[in-house]
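According to Swiss-Prot, the protein has these features:
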- 66-69: disulfide bond (DISULFID)
- 57: N-linked glycosylation site (CARBOHYD)
- 89: N-linked glycosylation site (CARBOHYD)
- 102: N-linked glycosylation site (CARBOHYD)
- 1-20: signal peptide (SIGNAL)
């Protein structure tokens, strides 16, 4: 997958030569107060401007090697997350169109893009399980941007989670823990109502989002509290397009 200018900017802001204690990054600007998540998921939740105003919930059901999933994650969800984190609650569920079966007490998986995708789904599930929420999200975005995700697991971890080894993540992915995490994601995916028909399958506030190309505009429209400044800009641009 071709690298995006946005990710290159992020990487430039996180040079490996800079000590972790003094490293300037977008992570330092992210609000604290992320809520605990269920295992196998990622819930990135910053403190809302008003505690009585619910955040907008966005859930992404996807698979690691799906081109459309990668495009949505990198070009739509990630930029939206960066711009309106304070009003957004995100859940990631890597599984997609895979199938599972129980063989002698162990779960075996068949993935749409082959065994490599099953492994990468487990890798991302393990990242979500073992890393702090924001760090896991950024690491997954880093991986999904790369053509060879296995080879880039270590570099992406060195950028965002230098104390975590790629070997520990791969041990999780290839062991019982990875199998358990993917089974949990299978259950979450199978529980969708209506059932998912394709991936990426995006659910916003409990409703399937058919038009996944205007996520920022939708999040801004649905949030009932004081909106970030970028929402006003989005509304003005929408009006300009409408009148043209």
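Cβ from N, Cα, C; glycine included.
Feature annotations (Swiss-Prot) mapped to structure.
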residue: 57; record: N-linked glycosylation site; DSSP class: strand
residue: 66; record: disulfide bond; DSSP class: coil
residue: 89; record: N-linked glycosylation site; DSSP class: strand
residue: 102; record: N-linked glycosylation site; DSSP class: strand
Considering Cα atoms only, can you say which of 66, 89, 102 is the nearest neighbour of residue 57 (N-linked glycosylation site) among these recorded positions? 89
Would you kindly give the Cα-Cα distance separating residue 66 (disulfide bond) and residue 102 (N-linked glycosylation site), rounded to the nearest Å? 25
Inter-residue Cα distance where the pair is residue 89 (N-linked glycosylation site) and residue 66 (disulfide bond), in Å: 23
Give the sequence-ordered list of residues that share a chain with residue 69 (disulfide bond), lie 6 or more positions from it, and have CB atoms under 8 Å from its CB. 60, 62, 63, 96, 144, 199, 200
